[in-house]
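For reference, the structure is listed below as structure tokens.
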Amino acid sequence: MFESLKKKFSRTSEKLEEELIEEAEAEDNLQEESGSRFSFFSFGRKTDEKKEEEVVEEEENLLPEAEEIEEVPEAEEVEEIPEVEDEEIEEEPKEEKKSRFWHRNKDKDEPAEEAEDEEIEEEPKEEKKSRFWSRNKDKDEDEEDVSADGEAKGGIFSFVREKTIQEKHVEDILFELEMELLQGDVAMEVATEVVENVKENLVGKKIKRSNDITEYTYYALKDAVEEIISIPGKSMTEMIEEKKAQGEPLVVMFVGINGTGKTTTIGKLANYYLKKGYTPVIAASDTFRAGAIEQVTYHADNVGVKIIKHQKGSDPAAVAYDAVEHARAQGKELVLIDTAGRMQTNTNLMDEMKKIKRVSNPDLVIFVGDAITGNDATEQARKFNDAIDIDGVILTKADADSKGGASLSIGYVIQKPIMFLGVGQGYDDIMEYDPEWMLNQLFSEDEEIVENEA
Ligand SMILES: Nc1nc2c(ncn2[C@@H]2O[C@H](COP(=O)(O)OP(=O)(O)OP(=O)(O)O)[C@@H](O)[C@H]2O)c(=O)[nH]1
Ligand SMILES: [Mg+2]
């Protein structure tokens, strides 16, 4: 579900990271040229593995250097040895071996003893590391705090200087994202809003540590999407309870174009609420299409709920009215009104739909859209909302929708919440929509959890 959308966000996140890392590294190289001993940035890469690699690399550089001194033990080179090492050696008994090593090399004429060489080779890794750090610490006083800070944070290293994210670092990548979202059937205003939010979030942020980059890009995207998909609204269950407290049924009317899954969804919801202990009743208000009354009767029978129906071609508003009266008389909690599919361009049928609404006075008008149709579903929702003022959306066939364009856009475009997702053809294949769940679908790294949750 929504695989392609998920990939777009993760690719963008990676690209942003790469770009920002490159920027930071470029600056870092300059520092190297101007005499800085090593790149803090290169130690701040995400994985500990990487840090280990680099530490070992630097360690290797240390040993040959020492050997060189042994071969050509000129006084000049010996003097290059940082004083701090000798000082530290005096303070720390561990460093004694090194101290002997340096002293030995200071003395040209003294022959090297094998035993001492072995000692040097066996020098414990940790000791080398500590020498490495103290060495670098000593080379650049400015870096001392940064290094100490890095160590305190468990190996996450701070930059020598803060780097500020600028628009030029992110705009090309975000433009690509915008194009990809549009191709992925995301509505124009949603694609623009996501990109603007990400930009606003990132530009001006100061990167102190390399890990900031990963965190910033991840949350910039996630927060932007969260803002888009979090449309406030009550759940249908809450509304049933509220109406029940008033001794009234919750009346829900389902609308949409042909074949989006209205009738199937009504069967699923009847089943869902029956299992929750409520008693739904269905109104067969699609009196227009051949076979529609039989189809909805079939679902009502399968699930085990009452259906109110008239003759084919009769007034659909009258059927809905009767169903509401039935529910009131019988103390049933939920009325589900099936209506005929209609194109938003068919004025007569749109007028008929308005009449059903007027007569049955539903608490909720729900637009049922087919997620696979992407932007078309969003545009239909817009038109139906203009015509009849819908209260919520159910997106069907999400199980077969890899793009996710409608799921991301539809609620934002009409500012009405998605209430359920249809996720298959069985009666149990429906789930209450939860923005948190959607965010996890799009931003969780764990493929398995995502699949299971679906
Ligand atoms: N995969 C999948 N198929 C679905 C889902 N919901 C509905 N369908 C299928 O979509 C087809 C159309 O469903 P209907 O319920 O007849 O659609 P409708 O909106 O009532 O159609 P009209 O009454 O003709 O406007 C059926 O084959 C359903 O099984 C879903 O969530 N997932
Ligand atoms: Mg139908």
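Note: Cβ is positioned from N, Cα and C throughout, glycine not excepted.
Annotated region 'Disordered' per TrEMBL: 24-150, in sequence order. Look at TrEMBL and you will find 54-93, 110-124 tagged as compositional bias 'Acidic residues'. The compositional bias 'Basic and acidic residues' annotation in TrEMBL covers 94-109, 125-139. The annotation GTP binding site is assigned in TrEMBL to 256-263, 338-342, 396-399. Residues annotated as domain 'SRP54-type proteins GTP-binding' in TrEMBL: 417-430.
Mapped onto DSSP helix, strand and coil, the domain 'SRP54-type proteins GTP-binding' (417-430) counts 0 helix, 6 strand, 8 coil. As a whole-number mean, the pLDDT of the domain 'SRP54-type proteins GTP-binding' (417-430) in this prediction is 97.
Counting other CB atoms no more than 10 Å from each candidate's CB, the binding-site residues GLY256, GLY259 peak at GLY256. Listed in sequence order, PHE254, VAL255, GLY256, ASP338, THR339, GLY341, VAL368 are the same-chain residues at least 6 apart in sequence whose CB falls under 8 Å from the CB of LYS262 (GTP binding site). Reduced to three states, the DSSP call for ARG342 (GTP binding site) is coil.
Among the binding-site residues LYS262, ARG342, ALA398, residues whose Cβ is positioned under 6 Å from ligand 2 are identified as LYS262.
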